[in-house]
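**Student:** Please find one structure pasted underneath; my questions will follow.
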């Protein structure tokens, strides 16, 4: 990545950390459930909350900084051949047919099926889902499961923060006094409320996509994707049932030979 992208990534990640700790400080400095537990010496709830928050930050940086599944150059592909698809090949019968890979019009690399060039990362990404500006990274074949796990943990932390902010509001004789006394908690409540809605939507969407083995890009742009254009609109050549889809999504590490699955589906349909 070039320097401007690196700087923008640092800016986004710094903003995420600062916002996280500002909200946390507000919750612990006001008379919330977390603060009251701390004052009583009951440290279990504050410690669990802090642990969930720390885990969310660690997962954020994991998803943000890890390789989402960048397509290797031709020379790198030859070197790494035979290392990535062993687990999937044991699950999918070998087919004699083959699908010719196309070259990317931007970076001129051979694109595996379901890969797409990201204009922000300036690289092709395997099983491209989308480019997420909040993590300043693509969500692809290698980090999609971690992205979904991050959404789960972050949603838990945000909802907990929302409830804690609500518990800290204090009454006052007038609206002006109430606003003055609760302004910081009100900001924390508003921020966590917005983020909880966004995270819930993302969580539901990506859980559904994982269960049907589809990506955001395929779902939104099916009519533009060559390998899906001639497939019935209700068909998904990569769908092997909810259990197998979730097992593959969560437990199969490395890259997947999607071409073999696609050929198997086409042969079964004939």
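Quick reminder: no glycine exception, Cβ is built from N, Cα and C everywhere.
According to Swiss-Prot, the protein carries these features:
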- 132: active site, S-palmitoyl cysteine intermediate (ACT_SITE)
- 102-152: domain 'DHHC' (DOMAIN)
- 1-8: topological domain 'Cytoplasmic' (TOPO_DOM)
- 30-45: topological domain 'Lumenal' (TOPO_DOM)
- 67-145: topological domain 'Cytoplasmic' (TOPO_DOM)
- 167-182: topological domain 'Lumenal' (TOPO_DOM)
- 204-270: topological domain 'Cytoplasmic' (TOPO_DOM)
- 9-29: transmembrane segment (TRANSMEM)
- 46-66: transmembrane segment (TRANSMEM)
- 146-166: transmembrane segment (TRANSMEM)
- 183-203: transmembrane segment (TRANSMEM)
**Student:** If you run through the topological domain 'Lumenal' (30-45) with DSSP, how many residues end up as helix, strand and coil?
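**Tutor:** The counts are 10 helix, 0 strand, 6 coil.
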**Student:** Cβ distance under 8 Å to residue 132 (active site, S-palmitoyl cysteine intermediate), same chain, sequence separation 6 or more: which residues?
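**Tutor:** For residue 132 (active site, S-palmitoyl cysteine intermediate), the qualifying residues are 138, 139, 147.
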**Student:** Who are the long-range neighbours of the topological domain 'Lumenal' (167-182) in its own chain, taking Cβ under 8 Å and residues 6 or more past its ends?
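**Tutor:** Long-range Cβ neighbours of the topological domain 'Lumenal' (167-182): 27, 30-33, 35, 189.
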**Student:** What does DSSP call residue 132 (active site, S-palmitoyl cysteine intermediate) in the simple three-state scheme?
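**Tutor:** Where residue 132 (active site, S-palmitoyl cysteine intermediate) sits, the three-state DSSP reduction gives strand.
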**Student:** Which residue counts does DSSP give the topological domain 'Cytoplasmic' (204-270) for helix, strand and coil?
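**Tutor:** Going by DSSP assignments, the topological domain 'Cytoplasmic' (204-270) contains 43 helix, 0 strand, 24 coil.
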**Student:** What residues elsewhere in the chain lie close to the topological domain 'Lumenal' (30-45), defined as a C-beta under 8 angstroms and at least 6 residues from its ends?
**Tutor:** 163-165, 167-168, 170, 184-185
